[in-house]
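This report concerns only the one structure given below.
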Amino acid sequence: MPDLPSAFLPLLLLSKFVTPVTFRHHRYDDLVRTLYKVHNQCPDITRLYNIGRSVKGRYLYVLEFSDYPGIHEPLEPEVKYVGNMHGNEVLGRELLLQLSEFLCEEFRNRNQRILRLIQDTRIHILPSMNPDGYEVAAAQGPNMSGYLVGRNNANGVDLNRNFPDLNTYFYYNSKNGGPNHHLPLPDNWKSQVEPETRAVIQWIRSLNFVLSANMHGGAVVANYPYDKSLEHRFRGPHRTSNSPTPDDELFQTLAKVYSYAHGWMHQGWNCGDYFPDGITNGASWYSLSKGMQDFNYLHTNCFEITLELSCDKFPRQEELQREWLGNREALIQFLEQVHQGIKGMVLDENSNNLTGAVISVTGINHDVTSGEHGDYFRLLLPGTYSVTAKAPGYDPKTVTVTVGPAGPTVVDFQLKRSSSQVYPVQRAPGRGQGGRAKQPRTSRKKDPATKRHRGPA
């Protein structure tokens, strides 16, 4: 493999093997063909799958990039991009198609930065969460007479106001005591949400996502949780109702990573509005209930932000190349942010993987849990932290760990069974526990230690 420092690699290199995605709007059939084309051009590092159907039966396709597609490798984080949640906000959809082609192309070009990203990260790209709404908006095209035409799904529901409301539950718990993570869903949640929302919820419950971005249009700003205001205020002339999460500093940093890598988002003045550093707390801008980014944070291990990417919800075709060039580096840098903080394995005395162990950081009232393979990921900024792992039936263990800026710090926990109480405990598949084991490809073997000690450059 040639030694090509990523700092000097141009991000956009044309490959003689890959036909680039053209800068045009892609209707549903065209989108599907494009995803299949990218998959066929890079079959060893991609998997195309669907997470469900829209109201009108269109598949919600996801393109996965990984050196072992379809398999979760312990200590390798999962990250996702979601586009076109509002059917008439289309730039995210087109950017994600361009990104898919770009990752495939640059992997084949042996771009060291992209090679490392795909080898150390499992990336899931959902270009269109609302294909039915898109088709309605696309029938009008950029010259829209109705600003909201196609925004909702085929049942007329705004999908970003359709997730179970967990904020109210969390705000109550914050004052009165109660869980601060993985808040439960109501028993009837499946009957209360739309097919597209249900598909996404089942998707994010099935994979241990660590980081995510959700793409919108109509402004240019990186929006971070919470979206729902404690004061129940709605959009108005004054932004005074900031509703920070316990991870507010981290979320601001994630938002700034995107805004400052973007061509112009960080400048602040865009679309006739001003956001310092090109970022905003969601509720400080305007409060919304039942949004997707708050749901990710309160119900799963995933940290999600919302990216408003264009003043025009449906940009003209001739603007797409400029938008891609303005977003390309930001899209890559944001994916790389999943490799920060701490990660590790939670084991019992016999070195069996433990799933569902709770990882707490002193001073941050938001916990994460270990996944079904016993691995956990906790995004943190550089600093020194006191971290505790605990599981029912085991004595908790606390360590002090220093997190640096160059990549994740590996912190494993081996928990001893409590002598005073005995509880049933879940053990994750693997290490003699069954389940689907990774079958390494002999042509691309990796040293397992690389998963523990490195992240993208």
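Quick reminder: no glycine exception, Cβ is built from N, Cα and C everywhere.
So that you can see what the record holds, here are the features copied from Swiss-Prot:
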type     : residues             : note
SIGNAL   : 1-23                 : signal peptide
BINDING  : His86, Glu89, His216 : Zn(2+) binding site
ACT_SITE : Glu308               : active site, proton donor/acceptor
CARBOHYD : Thr400               : O-linked glycosylation site
CARBOHYD : Thr402               : O-linked glycosylation site
CARBOHYD : Thr409               : O-linked glycosylation site
REGION   : 418-457              : region 'Disordered'
Nearest of the recorded positions (Glu308, Thr400, Thr402, Thr409) to Glu89 (Zn(2+) binding site), judged by Cα-Cα distance: Glu308
Cβ neighbours of His216 (Zn(2+) binding site) where a neighbour is any other Cβ within 10 Å: 22
C-beta crowding around Thr402 (O-linked glycosylation site), within 10 angstroms: 10
Among Thr400, Thr409, which are glycosylation sites, the residue with the most C-beta atoms within 10 angstroms of its C-beta: Thr409
Under 8 Å by Cβ from the residue listed as 'active site, proton donor/acceptor', same chain, sequence gap 6 or more: His216, Gly217, Gly218, Ala219, Val220, Val221, Ala222, Asn223
Cβ-centroid neighbours of Zn(2+) site His86, Glu89, His216, 8 Å, sequence order: Asn84, Met85, Gly87, Asn88, Gly92, Arg151, Asn160, Met215, Gly217, Gly218, Glu308, Lys313
Of the glycosylation sites listed as Thr400, Thr402, Thr409, the one whose CA lies nearest the CA of His86 (Zn(2+) binding site): Thr409
Surrounding CB atoms that lie within 10 Å of the CB of Glu89 (Zn(2+) binding site), all protein chains: 27
Alpha-carbon spacing, Thr409 (O-linked glycosylation site) to Thr402 (O-linked glycosylation site), which is rounded to whole Å: 8
